[in-house]
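These notes are about the structure you will find just below.
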Amino acid sequence: MSRYRDFLLFALLSALWGGSFVAIEVGLAYYPPVLYAAYRFDIAALVLVTYVLLTERNPFPRTRGDLAAIGLSGGFNVAANNSLLFTGQQYTTSGIASITYSLVPIVTAAVAAMWVGESSLDLRGGVGVVLAFVGVGLVAQPDPANLAGGVTIGVALIFVGVVSVSFSSVGLRVVETTFSSVALTGWAMLFGGLLMHGFSLGLGEGQRLPATELPALVALGFLGVLSSAVAYTIYFTLLDRLGAFEINLVSYVVPVVATVAGAVLLAEPVTATTVAGFVVILAGFGLVKRHAIAEEVPKLVSQVGGFF
């Protein structure tokens, strides 16, 4: 039963995170991008912090390490990342945005190698990183005559967001905390949401209350409650049960969900070049994580076999 539950939770997480890219596209018709991102995390923080206060014995940050972790995660993983993602997605489709975002595990490995001296990124791993960047180049479809516009600028902004996430992820490895990952995420969402409201004001975005049109309400509710508060709770549950390698495979299911959902719900185009770019990124991931793949895939095959 637990295997079926894990499988269903993994599928649900993929659907929620994949659907988030479509929800962002829908909501951008009603909000300026950074304000929209801020509202997403206002709602997410309200739900997740309430959950933490009701369920955990030590819900509050108590040490400098706790505060540093909230600052890192809220500042880089939430505020910088989502400001760039929402702004960049004005120029891209859901599928292109999600494929670019699938670089997170690869860029994180590269940042870890440079920052904390992890030795797992050898020559072949370096080739994998280069392959991943080639894949992003295919996805971005750069036009030499217009490098400052269109899909290229959108992918560039989202990629900087990916670097921000990777910086936060590696930084959190060297910070000691006294509370749970769910509690950290809740407080980071609260801090990051407040930062984004400041960013929005600083950028001169027009301020408005949440839109009351049905598509806008559904998109914001989906983003704030389901793809943020609920999805991150599922993520940390599966991380404890499955381990980092298996749960991070969600990064390569999410683009499939987002691309299909964007095509079906929003009639977004899916080009052969975009698909080729995703395949090249996936090949890069295979090279970067080949040792983990060799170790974990037999276990994963055994677990999948248990379903049948």
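Heads up, the Cβ atoms here are built off N, Cα and C, so glycines get one too.
Fair warning: this is a prediction, and the values are worked out from it, not measured in the lab.
Residues or ranges marked as domain 'EamA' in TrEMBL: 9-139, 153-288. If you look up TrEMBL, you'll see 33-54, 66-84, 96-116, 123-141, 147-170, 182-202, 214-235, 247-266, 272-288 marked as transmembrane segment.
Counted over residue pairs separated by six or more positions, the transmembrane segment (147-170) shares at least 3 Cβ pairs under 8 angstroms with the transmembrane segment (123-141), which defines the two as touching. For the transmembrane segment (182-202), the most Cβ-contacting stretch among 66-84, 123-141, 214-235, 247-266 is 66-84 (pairs under 8 Å). When each of 33-54, 96-116, 214-235, 272-288 is checked for Cβ pairs under 8 Å to the transmembrane segment (123-141), 272-288 comes out on top. Mapped onto DSSP helix, strand and coil, the domain 'EamA' (153-288) counts 111 helix, 0 strand, 25 coil. Each of 33-54, 96-116, 247-266, 272-288 was scored by its Cβ pairs under 8 Å to the transmembrane segment (214-235), and the highest score goes to 33-54. Applying DSSP to the domain 'EamA' (9-139) sorts its residues as follows: 104 helix, 0 strand, 27 coil. Among the listed stretches 33-54, 96-116, 247-266, 272-288, the one sharing the most Cβ pairs under 8 Å with the transmembrane segment (66-84) is 33-54.
With a threshold of 8 Å between CB atoms, the same-chain residues lying at least 6 positions outside the transmembrane segment (96-116) that come near it are 18, 21, 24, 85, 88-89, 125, 128-129, 132, 135-136, 139-140, 151, 154-155, 158-159, 161-163, 165-167, 169-171, 173-174, 248, 251-252, 254-255, 257-259, 274, 277-278, 281-282, 284-285, 288-289. Outside the transmembrane segment (33-54) by six or more residues, the chain places 24, 27, 78, 82-83, 85-87, 89-90, 180, 182-183, 185-187, 189-190, 192-193, 196-197, 199-200, 203, 205-208, 210, 220-221, 223-225, 228-230, 232-233 with a CB less than 8 A from a CB of the stretch.
The average pLDDT for the domain 'EamA' (153-288) in the predicted structure is 89.
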